[in-house]
Amino acid sequence: MNRLTTSPLEGARLGVLGGSGLYAIEGLENIQELEIDTPFGKPSDSFRLGTLDGMEVVFLARHGRNHTFLPTEVPYRANIWAMRSLGVRWILSPSAVGSLQEQVRPLDMVVPDQFIDRTHQRPLTFFGDGAVAHVAMADPFCLTLSRLLADVGESLMPDGRQLHRSGTYLAMEGPAFSTRAESKLYRSWGCMVIGMTNHTEARLAREAEIAYASLSMVTDYDCWHGHHDSVTVEMVLANLRANAQLATKIVRETAKMVADIRPVSTAHNALEDALLTAKKHVTDKTRRKLDLFTRPYWGEFGGS
Ligand SMILES: CSC[C@H]1O[C@H](OP(=O)(O)O)[C@H](O)[C@@H]1O
Ligand SMILES: Nc1ncnc2[nH]cnc12
């Protein structure tokens with residue numbers, strides 16, 4: 001198998017996947033709008049390319065800028081493929097989550113380090129159609145990027161509000177919120193927060209060799225808490241509005257750090273030991289679809 005010889009990070013960009021309530025990013029300059037088509041269909045919206053405090057950034061609203069995609073319907077594969085095609089090698093994902101633990105309060109932030117996946121209606125891989133790969137997911141978020149994000153976030157949290165540096169994100173299908181029995185079950189599993197989008201993105205980002213980290217903004221106590229109202233969209237949006245400026249500040253400061261450090265991640269060569277099918281057994285159609293990711297290992301695909 002060929003080994004990587006050049007740095008994959010020269011000229012690499014930072015992607016930002018804006019979640020619920022975050023449909024643009026303040027401070028992005030020299031914006032270019034790009035429509036991208038992919039072998040996995042059309043992404044959620046056009047991409048906004050620009051510079052954010054010295055870093056080249058690509059922004060996408062994951063539910064579309066008018067919030068028209070359910071969590072199940074978000075074209076995750078197209079979004080991640082397109083990000084990679086634009087040279088993105090790091091993704092920050094500011095997202096709304098409910099809290100499953102008393103000490104994790106609305107308006108706190110979490111940089112999660114684990115997932116439990118309870119989604120069941122989504123494609124979770126770019127592979128298949130005759131090409132098999134098994135990437136490592138023991139650490140599903142990039143440890144290096146998450147540490148950077150948590151350091152920056154912690155330094156910017158106002159008094160009385162906390163950034164939690166680790167925790168398990170329970171990924172549910174939605175769109176309805178959980179039942180009380182489910183919420184209590186997830187608590188008993190030790191999960192810290194609950195959301196509907198990040199796990200799917202992290203899985204695909206890993207296959208696309210993109211480092212992924214989440215800035216999970218706590219908006220509610222889901223529905224398990226005896227003394228707090230159960231989650232509603234209104235509650236989520238009100239707390240997101242209250243947190244939007246801080247989230248933007250954290251993303252901007254982290255972008256500066258990424259520009260300076262250009263952190264290397266194990267995600268950047270996740271396919272190196274993951275590809276199982278020898279390329280001679282893979283059809284041209286599948287090679288073409290996967291070429292963006294498999295090029296360093298299988299060589300550039302020259303077929304028609
Ligand atoms: C608006 S409440 C449910 C919605 O909020 C979260 O969105 P995102 O992860 O895109 O910030 C959650 O995952 C649901 O999609
Ligand atoms: N309680 C909750 N459950 C699922 N997704 C959410 N996003 C924000 N709050 C949520």
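Positions of Cβ are set from backbone N, Cα and C atoms, glycine also.
T197 is the residue from T168, T179, T197 that TrEMBL records in the phosphate site together with S20, R62, H63, S95, A96. Annotation note: H63 (phosphate binding site) sits in a coil segment as assigned by DSSP.
The predicted model assigns the domain 'Nucleoside phosphorylase' (13-254) a mean pLDDT of 97. The substrate site in the record is lined by M196, D220, Y221, D222, and its two most distant CA atoms lie 15 Å apart.
The secondary structure of V233 (site 'Important for substrate specificity'), as reduced to three states from DSSP, is helical. In sequence order, L17, G18, G19, S44, F69, V74, N79, T197, E201 constitute the residues six or more apart from R62 (phosphate binding site) in its chain with CB-CB distances below 8 Å.
Checking the recorded positions S178, T197, Y221 against ligand 1, the ones whose Cβ sits under 6 Å from it are T197. Excluding S20, R62, H63, S95, A96, T197, which define the phosphate site, the same chain contributes L17, G18, G19, G21, L22, P71, G195, M196 within 8 Å (Cβ to the Cβ centroid), listed in sequence order.
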